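Q: Residues or ranges marked as active site, 5-glutamyl coenzyme A thioester intermediate by TrEMBL: E284. Here TrEMBL flags N374, G378, K398 as CoA binding site. TrEMBL lists 7-211 with the feature domain 'Acetyl-CoA hydrolase/transferase N-terminal'. Annotated domain 'Acetyl-CoA hydrolase/transferase C-terminal' per TrEMBL: 316-459, in sequence order.
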Amino acid sequence: MHTFPQMTADEAAALIPPGATIGFSGFTPAGAAKAVPRALAARAAGLRDAGQPMRLRVLTGASTGAAIDDALAEADAIAWRAPYQSSKPLRQRINRQEVDFVDMHLSHLPQMVDCGFFGTLDFAVVEAVDVMRDGRVFLSTSVGASPSFLRNAERVIVEVNRAQSHRLAEMHDIAIPPRPPHRAITIEHATEKIGVPYASVDPKKIVAVVETDEPDNVAGFSATDQRSERIAQHVVRFLLEERAAGRIPPEWLPLQSGVGNIANAVMAGLGAADDVPPFVMYSEVFQDALVDLMERGRLLGASATSLTLSPERLARVYDQMDFFAQRIVLRPQEVSNNPGIVRRLGVISINTVLEMDLTGCANSTHVVGTQLMNGVGGSGDFTRNAYLSLLVAPSTAKGGAISAVVPMVSHCDHNEHSVQVLVTDEGLADLRGLAPAARAKAIIENCAHPSYRDYLYRYLEQCPPGHIRQDLSKCFEMHQRFLAEGTMGPA
Ligand code: 0RQ
């Protein structure tokens, strides 16, 4: 029981002034604030129509549910946004430069909030399963950046969501490194706990508690397609070869996998491969395929910052909490994605990209270098620091009109110094130890779609010599053709 002011979502949203900087809970739709941002968006739409737009500055853990990014963007209430998004209406406004978007490594965000890099955090709006009189906040299906938002915000609104299980606290491990310099974070195996099961807030800052009863509404995954299955087969074969060569220990190493259908298929493929021993994950998102793998004893344990599960899978987890709570640890995103821990544990990372180039650089975020898709998310936290970093993509997009392999990426999120292995449905290019000329050949031969290979070989042959062969007058010819003709298709 607590003595905080109980309010409706409308009453709580009315406390937030135009221009405020707000940290909302949520890492994907999991654990995202729901009722208050929706009420805020309704208020903002009214104000906009009266000629007084709210122009909020919005921080979250990562992407959110529709109640935050979709609703607030549609009300034209977002002026500035960080660190990640995946919302269509928000993306459109970002690409029209109506919203300033700061695309960030997710592990960096909490520390930057703690150290005041973004100025004053006026409000935190955080979903929880309970809040205690002494300021302990038991978070729901994600941890994300909520502990830092609670610690730093001037005023706090808590949504207590009855639809979430109270037993989620058994998974939470909240430990936030203080401002640097700080001591080592001593996690030595993926599911080791080092903190407490709650976030903390000064109870005097809590200005409203809003009761809700609303599921996360995470979309399910589409059925695995053949291309994703082929990517998964290449990944599994490569990792088994690495183990046979003694470069992955017999007991395996912790895996990280990005979000999306391809990542889901890769995890399902690894789980189905009899020769892969039961493994653990040190990742950021715990998604649908992992529930099945855990039930079947293929996945022994997982560290993440969110439980991003479709309603059916989440219900299965809630029904078997004795089983799952012992095997899943939910951490703040600066710990789940922490570069030092990723390096120490020897994580094998697998993330999806839009395009890759002949030098081994990859673009996760910007179509033709200008149009934001989602953001770099956690992919850089893991790719840069992994023991083995794999980047995957279908060899073509949009029915073959776009090649994932291009001479030079139109935007670089992961450079060739971080990227070790590139994979498409066509095959796998192991770039370790290869100098630029050999890299380029391996990428064309193994990753490019056959319909683009001749063009890419010809491009390489006519490049002037240099440590890296590039022709600055032609390296974006494929992108330019796409912009002019709607296809990169070989001329
Ligand atoms: O669009 O559905 O309209 O055809 O991009 O592509 O193949 O369905 O793959 O859902 O995994 O998304 C990189 C965007 C891939 C994602 C990206 C088009 C393609 C399709 C989606 P349509 P797929 P996915 C940790 C990891 C960065 C963040 C990250 C992403 C749509 O994985 O955002 O890794 N990654 N986080 O047609 C134009 C190209 C294209 C292209 C694909 N070259 N040009 N469009 N598409 N390649 C998670 C977190 O941090 C939370």
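Even glycines carry a Cβ here, placed using N, Cα and C.
Owing to the predicted nature of the structure, the values given are computational and were not obtained by experimental measurement.
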Q: What does the structure give for the C-alpha distance between G378 (CoA binding site) and E284 (active site, 5-glutamyl coenzyme A thioester intermediate)? Integer Å is fine.
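A: If we compare the Cα positions of G378 (CoA binding site) and E284 (active site, 5-glutamyl coenzyme A thioester intermediate), the gap is 7 Å.
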Q: Determine the mean pLDDT over the domain 'Acetyl-CoA hydrolase/transferase C-terminal' (316-459), rounding to the nearest whole number.
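A: Mean model confidence (pLDDT) across the domain 'Acetyl-CoA hydrolase/transferase C-terminal' (316-459) is 98.
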Q: Between the Cα atoms of N374 (CoA binding site) and the residue listed as 'active site, 5-glutamyl coenzyme A thioester intermediate', find the distance and write it as a whole number of Å.
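A: About 16 Å separate the Cα atoms of these two residues.
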Q: Within 10 Å of the Cβ of G378 (CoA binding site), how many other Cβ atoms can be counted across all chains shown?
A: 28
Q: According to DSSP, which of helix, strand or coil covers G378 (CoA binding site)?
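A: Assignment for G378 (CoA binding site) reads coil.
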Q: Are there any residues at least 6 positions away along the chain from E284 (active site, 5-glutamyl coenzyme A thioester intermediate) with a Cβ closer than 8 Å to its Cβ? List them or say none.
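A: Correct list: F27, A62, L106, Q256, A304, T305, S306, Q333, S336, N337, G378, D381, F382.
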Q: Taking the residues N374, G378, K398 listed for CoA, what is the greatest CA to CA distance in Å, to the nearest whole number?
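A: Greatest Cα separation within the listed binding residues comes to 25 Å.
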Q: Since the record lists N374, K398 as binding-site residues, which of them has the fewest other Cβ atoms within 10 Å of its Cβ?
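A: Counting other Cβ atoms within 10 Å of each of the binding-site residues N374, K398 gives the minimum at K398.
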Q: From the DSSP assignment alone, can you count helix, strand and coil residues within the domain 'Acetyl-CoA hydrolase/transferase C-terminal' (316-459)?
A: 51 helix, 38 strand, 55 coil
